Amino acid sequence: MLSFIDRQIVNLLVEPIQADLAISDTQVSLLQGFAFILTYILFSIPLGRLADTHSRKWIVAGGVLFWSLATAACGFANSFRQLFIARAAVGTGEAALTPAAWSLMADYFPPERRSFPISIFLMGPYLGAGLSMIMGGALMGMMEGMDTVAVPLLGEFRPWQVTFILVGMPGLLVALLFLRVAEPQRRQLPDPAVPTDGKRPGLREVFAVMRSRSEIYLALLVAIPLLMIVLYGLQAWVPSYLVRGFDMSVQDAGFTYGLVALFSGSAGVLLGPVVGRWLGRRGVSDYPLRLALWAGLGICPALLVLATSGQVSLVLLAVVTASVLVTLPLALAASTLQTITPANMRGVVAGLYVVMTSGVGMGLGPTLIALTTDYIVRDREQLGASLAVVGIAVSVVAVILFARALAPYRQLAQSLERAA
């Protein structure tokens, strides 16, 4: 949750940052996505490798400390370049979290109990995204009408800069508290695709396993990230859409979208395992991917409503619907990825998953929408149209990849069940 508060707070501050730094939507999107993802991708797989062999709690604690300081550093930026560098530093620290955390959960819980704790973990980003909007909006509201704010010992800052500094501070305490987490023994389930000679696998062996299950890994490592373009696009631009298209203040837009994000993302992540178990009890053995396919289909009409409605209530309903559908398959996808991947390869594959979901979703999503707004729609107030054009296109491709993976997944599930 904390990581997404620090990651997403920039989305609420788009309008004041643009006003002070005189930058375009496309430049803002680079701060939202590319600057963060540049280092996030660079360090995710190496830190995933580190999580396969070293203390995971120390990796997480170090990451929390680093990204929290980097978030506070965003508040000291006075130019696009400085803010870009600080956002890149946030990405470096956050790259440590997911590979190590997933590996910890895979060893804390057996496969049949794994999807629920993973769903709780996956609630964090949506709680964080919502709280960042609500908290950031409240902070900006408290400083409304102020040109600058005096911070003791530090000097004068713009309200958006103060918001960055305050949001970064709690992570310093969280980093210390995480060191009290116990480091579990690593589990290993029998896997017919992996030799049991006890050697640490290299990247060649990891990719050999992935090639042997290519349709399934394409669904989990490409189709799921394509759906994340929709989610990251909504998180990046809905607050600005409410400000530009419906004349809301930054404070009101933050509070409104914050509540939407809190409900919709959390509901989708929690409902996914419940619906999955219900389908599994009724003989739908490919339910993790089938549910994702259904979600991809449902996203398209929701985005059409978002683009065409002039009523804020219908726009928010469309945002809720699309957000729930994107997050519905995420816990099952993450659990499935851990189940089909050998234990001594999970950190690397989790790192690759992070690279893909964040690199494609967060790296491309905000920028594709900004480019569509700047060069195709050519109307800053019509962000809904840009969200729909990009979101529907990527959802259709994702649905095709999910459909191709259904039969191979059923066969693999039977093989792993026999081996266990």
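The backbone N, Cα and C atoms fix where each Cβ goes, and this holds for glycine too.
Per TrEMBL, domain 'Major facilitator superfamily (MFS) profile' is recorded for 1-411. What TrEMBL records for 30-51, 58-78, 84-104, 116-140, 160-179, 216-235, 255-279, 291-308, 314-337, 349-371, 383-403 is transmembrane segment.
Counting Cβ pairs closer than 8 Å to the transmembrane segment (84-104), the top stretch among 30-51, 116-140, 255-279, 383-403 is 30-51. Long-range contacts of the transmembrane segment (349-371) within its own chain (CB-CB distance under 8 A, at least 6 residues past either end) are made by residues 24-26, 28-30, 32-34, 36-37, 40-41, 44-49, 51, 95, 98-99, 102-103, 206, 210, 220-222, 224-233, 236-237, 334, 337-338, 341, 383, 386-387, 390. In the predicted model, the domain 'Major facilitator superfamily (MFS) profile' (1-411) has a mean pLDDT of 88.
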